[in-house]
Amino acid sequence: MAAAAAGSASSVKETLPPALGSTSQPPPVFDGTTRLYICYFCPFAQRAWVTRNFKGLQDKIKLVAIDLQDKPAWYKEKVYPQGTVPSLEHNNEILGESLELIKYIDGNFDGPALLPEQDAEKRQFADALIGYANAFTKALYSPLMAHAEVSDEAVAALDKLEVALSKFNDGPFFLGQFSLVDIAYVTILERVQIYYSHLRNYDIAKGRPNLEKFIQEMNKIDAYTDTKNDPLFLLDLAKNHLKVR
């Protein structure tokens, strides 16, 4: 499985295409080009974006950014009927759902493997943690959306990650070495760290040294940091979209 260094060896930072809105023309869908449809500030789309970057697929998977605040009608009509991001146009098919998509990109394209191929224990642990990612997201976002204080469920979810990060000692990541599990969680952690700090005066990494180390190490990986937004921009989005306070 790939070491984190592979994701730090990226070349010059990618020039990102402008986001397409309601007046934008669609790309020539199903012309043989592989396209990853994302929104630059969506944590779920960011998962697929990081996976693409880490595997060095910038030349093989073209980014198409969608403006979710001014979504073009053709995206739902011609590309992905669910109308959400991310979606992947590949081999004349459209695939979606971020946790499934990161597995698909890992398994169907060249580049460093992001799931253990030989270690059955790590693979089982990886599958379980990826399967928990949606529940983790709900536990952390629910108090914010409900205008409530930090919930017992949120604390328990963070504690679960802290324990999970201690299972393997051959690196600072969930499986020791960098994997899809880290990608599944880091884009959510990036946001809740900002939201809880500013809106609830709660530091998600305080008293959780494994989580603190994980965040530090993730921020050394270009494949991830190249996809990050300004924290205050994300905070403003949260205040408007999640109606948090």
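Glycine is treated like the rest: Cβ placed from N, Cα and C.
Straight from TrEMBL, the features:
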type	residues	note
COMPBIAS	1-11	compositional bias 'Low complexity'
DOMAIN	32-113	domain 'GST N-terminal'
REGION	1-25	region 'Disordered'
Residue counts (helix, strand, coil, in that order) that DSSP gives for the domain 'GST N-terminal' (32-113): 33 helix, 17 strand, 32 coil
Predicted model, mean pLDDT over the domain 'GST N-terminal' (32-113): 97
